[in-house]
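Chemist: Features from Swiss-Prot:
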LIPID     Gly2  N-myristoyl glycine
BINDING   24-31, 67-71, 126-129  GTP binding site
Amino acid sequence: MGVSFSKLFSNLFGHKEMRILMVGLDGAGKTTVLYKLKLGEVVTTIPTIGFNVETVEYKNISFTVWDVGGQDKIRPLWRHYFRNTEGIIFVVDSNDRSRIAEAREVLQRMLNEDEIRNAVLLVFANKQDLPEAMSAAEITEKLGLHSIRQRPWYIQATCATSGEGLYEGLEWLSTNLKNQA
């Protein structure tokens, strides 16, 4: 009984660590999201060729966030980051209507991978500060999110440069990752 109680106590009050994979098309704002969460400031970025990894602390949880480059030629490498991934953050450029179908295809293909079948999905509808940005509801439809039945998912409107919506997304992740444990 002591072991059960200590595990329960740890689950309720202890410090958790969670592995998060952040992906999306190139130019969606993944690296800007990562460093806004980590440093609280906007950093100058260049296209990510490999990956960035940082630990973001939020509400007694250490999120180890792997930000992986989104260029077409790099996407096949994403699968090398799938092992032990508990949550996926898929970042979408809400202002880029010309690539939303490509984003849907990439997301659907990735979600079919067996190694991440138990990972929860958070979609950041990024760049909401731009006047032509699609709403979270429109992106939900265009990505076909309502057809996802095998995992918990959530979409959050965000603006990585201001930080708007980022912590709301982490809040959803922390709640849903606790439920998975």
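Placed from the backbone N, Cα and C atoms, the Cβ positions cover glycine too.
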Chemist: Over all shown protein chains, what is the count of other CB atoms within 10 A of the CB belonging to Lys30 (GTP binding site)?
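Modeler: The Cβ of Lys30 (GTP binding site) has 28 Cβ neighbours within 10 Å.
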Chemist: In this structure, which of the binding-site residues Gln71, Gln128 has the fewest other Cβ atoms within 10 Å of its Cβ?
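Modeler: Taking Gln71, Gln128 as the binding-site residues, the minimal 10 Å Cβ count falls on Gln71.
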Chemist: Should Val68 (GTP binding site) be counted as helix, strand, or coil on the basis of DSSP?
Modeler: strand
Chemist: Look at each of the binding-site residues, Gly27, Val68, and point out the one with the fewest other Cβ atoms around it within 10 Å.
Modeler: Gly27
Chemist: Suppose we draw a 10 Å sphere around the Cβ of Gly24 (GTP binding site). How many other Cβ atoms does it contain, all chains included?
Modeler: 24
